[in-house]
Amino acid sequence: MTFKNSGFYFVALLFLAIAGFWSSYFSKLGDPFSAPASHYTHLHTMTMMFWVAMLISQAFLIRSKKYTLHKIIGTFSYVLVPILAISLVLLAHSQITLHEYGVSYSRMYILFLQLSLLAIFITSYVLAIIYKKSPAHHARFMICTSLTLIDPAVARLPLNLPEIPFSYQVWTFALTDIIFLVLIFLERRQQHGREVFPMMLAVFLFFQALNLNWTRSETWDSFALWFATLPLT
């Protein structure tokens, strides 16, 4: 697979993200009757939109063989990604409310979800940079950064899913994993870079398992309480 059409998929991902966050964020912009979003929310939204826009532009630049411009724009990611990471940490911190008993379970759960997706994003990005001289690996790791957006976008879509006796994250995690499995199947005869998707699927599964099973642990409870007391926001 050459992923020459990946730009179109990134455009679809952008529309998916806008649809997912329409009700809670985009529809309220400029609405005087809605509570204004925090500066941390605006900052994180802008950095993520810039990131998806960069993925789209980079994919189409490769498609049109404008490699020099692709490299120039790519250098901006060295600034954008740290800001993106900081924005998510600040957003996560600003959303925590300390109660007399500590941090609520729902907030501990969401905090782990936020930080775990950030860890996966950074892992994918760093590996993409390490393998930037190998287009087959670089492109696939960059695609993996985009898959971290599936959960937060799809989880907010107004879907009437059947009730299940466990976390709704099972639906979004399953969708992400299915996308990986489809990519792995399509790449079964690929000569270069085909190990990327199986490896990153393992990373996603690791954090997904922790998210569904470890967020009630005393260790995570202690970390969440420590994180909440940091003077960040």
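Each residue, glycine too, has its Cβ placed from N, Cα and C.
Feature annotations, reproduced from TrEMBL:
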TRANSMEM  7-25  transmembrane segment
TRANSMEM  45-63  transmembrane segment
TRANSMEM  75-96  transmembrane segment
TRANSMEM  108-129  transmembrane segment
TRANSMEM  165-184  transmembrane segment
TRANSMEM  196-214  transmembrane segment
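For the transmembrane segment (7-25), the residues of the chain that approach it from at least six positions outside its boundaries are 37, 41, 45, 48-49, 52-53, 55-56, 59-60, 63, 146, 149, 152-158, judged by C-beta separation under 8 angstroms.
The list of residues near the transmembrane segment (45-63) in space but at least 6 beyond its ends in sequence, with Cβ under 8 angstroms from a Cβ of it, reads 3-7, 10-11, 13-14, 17, 21, 25, 37, 69-70, 73-74, 76-77, 80-81, 83-84, 87, 139, 142, 145-146, 149.
Nonlocal intrachain contacts for the transmembrane segment (165-184), taken as residues 6+ away from its ends with a CB within less than 8 angstroms of a stretch CB, comprise 1, 109, 113, 143, 147, 150-151, 154-155, 194, 197-198, 200-201, 204-205, 208, 211-212.
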